[in-house]
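*Asks:* For reference, TrEMBL lists these features for the protein:
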type    : residues                                               : note
BINDING : Met183, Leu184, His208, Phe209, Arg265, Gly287, Gln296 : ATP binding site
DOMAIN  : 60-165                                                 : domain 'THUMP'
Amino acid sequence: MKYNRILVRYGEISTKGRNRKKFTSQLRENILEALKDLPSISVNASRDRLHILLGEADGEEVITRLSSIFGIQSFSPVVMTGRDVDEMMEAGLALVQKSFEPGKTFKVSARRGDKTFHLDTNELNYQIGSYILKNMEDLTVDVRNPDIKLNVEVRKEGVYLSSEIYPGATGMPVGASGKAMLMLSGGIDSPVAGYLTMKRGVEVDAVHFHSPPFTSERAKQKVIDLSKKLSAFSGKVNLHIVPFTAIQQLIHDQVPENYTMTSTRRMMLRITDMIREKHEGLAIVTGESLGQVASQTLESMQAINDVTNTPVLRPLIAMDKLEIIDIAQKIDTHDISILPYEDCCTIFTPPAPKTRPKREKVQYYESFVNFDELILEAVEKTEIMQIDGSSHKEENFDELL
Ligand code: ATP
Ligand code: MG
């Protein structure tokens, strides 16, 4: 069975009044971007639907990729036949067989866009329905509440049949709500925070702090792999890798041990904010969840957040670890996150970091040291990698050598 097109329903974005046009064109762009390596795809958008014309492209592959694009409520692959009733019956049977399990019910729902067609809708329903029933066991008709609804639409140019409805990723199309910088560690939380932010339509750039030789190339590769997973939801992710060793060393040497963690986070936030400004982001995103660890008390957040007025989004703030892990598993980042490569913070974490740091104290400790130059240098030496979500087959050569 060859699908001819895929019908995409918008859901949430179709309710957004004035913004709808922008959302629709963003979604269209994102779909084209995600499918750009497939031959002969085109997309037509109308008021509340969008049609992907498949041409020679493989429908199953398109279905897989569509399921991770935000802004789609649901979608249905469509088979096109000629206006010959035998052809419709065969295609209808194949579609119903695809969704069938013993005991399921079905109905045929025909529509005529072209009223000159020689059968009316009742006759079409009857002919196609009885052919399917004759060829399948354990299938019954339920016209009120069928498990499988076979839609048949007769038009001048041909007949469109569909029965399957796939759930979309919901949310809003990425890019429709501006750009933010995600502080991406190698842990479980920050990738989930990035995913949830993207789901609200925000384009996400990742910023990672790397402290060689205290952190290894493998720890960096882990963050690249996480960015790759995230890019499946947005088409691409720019990953900024900040060389952080010198600053971390200086904090370690100059700030009292129980305040090093607070100070480290403040420096990270300052640098991220500068990178944000350079790349025209509007906010910063972290994976913080209230009460999870020492740095995630309200006092600590206040002391850290002190270095910027930029909005810091914390999508996980009220979530339990188990809820976060659940999402991490769903988006396939969990197994990468739990790989045991050290990140820059674990290495320098003091045995007893302050859980209620005072803003004035950390300001005071930092006042003896000039961090500005090192911060500028770190921003300047930040490496930018473009991680592309559509190149699904790219190999990780590090693993092969
Ligand atoms: P995660 O699972 O995201 O590492 P966590 O529970 O380990 O979170 P912390 O280590 O306290 O939390 O870090 C809090 C947040 O600070 C992270 O969610 C992340 O957004 C940011 N962060 C921590 N380390 C780094 C790093 N090396 N590079 C970039 N951001 C970081
Ligand atoms: Mg962490």
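The backbone N, Cα and C atoms fix where each Cβ goes, and this holds for glycine too.
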*Asks:* Rank the binding-site residues His208, Arg265 by the number of other Cβ atoms within 10 Å of each Cβ, and give the residue at the low end.
*Replies:* Arg265
*Asks:* What does DSSP say about Leu184 (ATP binding site): helix, strand or coil?
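*Replies:* For Leu184 (ATP binding site) - judged by DSSP and reduced to three states - the answer is coil.
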*Asks:* Summarise the domain 'THUMP' (60-165) as counts of helix, strand and coil residues per DSSP.
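*Replies:* Across the domain 'THUMP' (60-165), DSSP assigns the residues as follows: 37 helix, 29 strand, 40 coil.
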*Asks:* Could you say whether, by DSSP, Arg265 (ATP binding site) belongs to a helix, a strand or a coil region?
*Replies:* helix
*Asks:* Looking only at DSSP and grouping its letters into three states, which state does Gly287 (ATP binding site) belong to?
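*Replies:* SS state of Gly287 (ATP binding site) = coil.
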*Asks:* Among Met183, Leu184, the binding-site residues in question, whose Cβ has the most other Cβ atoms within 10 Å in this structure?
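*Replies:* Result of the Cβ crowding comparison: Leu184.
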*Asks:* Specify the secondary structure state of His208 (ATP binding site) as given by DSSP, simplified to three classes.
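*Replies:* Once the DSSP labels are grouped into three classes, His208 (ATP binding site) ends up as strand.
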*Asks:* In the predicted model, what is the mean pLDDT computed over the domain 'THUMP' (60-165)?
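*Replies:* Averaged over the domain 'THUMP' (60-165), per-residue pLDDT gives 94.
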*Asks:* Same-chain residues six or more away whose CB lies under 8 A from the CB of Gln296 (ATP binding site)?
*Replies:* Glu288, Ser289, Leu290
*Asks:* Neighbour count, 10 Å Cβ-Cβ cut-off, for Gly287 (ATP binding site): what number do you get?
*Replies:* 24
